[in-house]
Amino acid sequence: RQNRHEASCRIVSPPVCGNELLEKGEECDCGSPRNCRDPCCDAATCKLHSWVECESGECCDQCRFIKAGNVCRPQRSECDIAESCTGQSAQCPTDDFHKNGQPCLSNYGYCYNGNCPIMHHQCYALFGSGAIVAQDGCFKFNDRGDKFFYCRKENVIITPCAQEDVKCGRLFCHTKKSECDFDYSEDPDYGMVDHGTKCADGKVCNSNRQCVDVTTAY
């Protein structure tokens, strides 16, 4: 047996134009004509004006498509490509970037998914502006395969770095504290060299933390 409250919840009210609720049959509802602040909406009918091309989006302004050529997503690095409005859509085109493996930052790195990952920037992110990449000798710790130094860690299985892959494991930085400073957490990827980072001339770290030829890495 239903109580009154359950029964009342099933009553469907007819749509009311002007109550600021988008209901069945309405394209918009911006309140009364006096209070409406939506230039795209005809407050009297709760329909969009006939000239409206769009209501929202990176390439929509005052209910019309922004002219073609206006940048809607700026270039975030030299590996990225700026996107511009097409004049035919309210949405910014799909994010695009230069080909993975293209040299960047004066050949200190290679493009990877729109960024140019290099160890120096990763040291800066971990330890601040005074940090630089440590000497090559520090990275040799990564062949130990212990709690801190490894190439892969999956559950309890720790895989040490092969000698040729040591620069794809734990990131080592030269700081005021130590010449071989590093950071770690319970997250097995924290403090590790980022995927796509240059590990030798013509080579980058792949997703398995192997230092492989840049032409086959992606």
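Keep in mind that glycine also has a Cβ here, set from the backbone N, Cα and C atoms.
According to Swiss-Prot, the cysteine that forms a disulfide bond with Cys63, out of Cys36, Cys40, Cys41, is Cys40. When the candidates Cys59, Cys60 are compared with Swiss-Prot, only one is recorded as disulfide-bonded to Cys54, and it is Cys60. Recorded disulfide link (Swiss-Prot): Cys59 to Cys85, out of the candidates Cys28, Cys30, Cys85.
Between Cys41 and the candidates Cys30, Cys46, Swiss-Prot records the disulphide bond with Cys30.
The secondary structure of Cys123 (disulfide bond), as reduced to three states from DSSP, is helical. Among the recorded positions Val16, Cys72, Cys85, the residue whose Cα lies closest in space to that of Cys116 (disulfide bond) is Cys72. When the disulfide-bonded residues Cys60, Cys63, Cys111, Cys151 are ranked by how far their Cα is from the Cα of Cys28 (disulfide bond), Cys63 comes first.
The DSSP secondary structure for Cys59 (disulfide bond) is coil. Counting only the Cα atoms, the space from Asp29 (Ca(2+) binding site) to Cys46 (disulfide bond) is about 5 angstrom.
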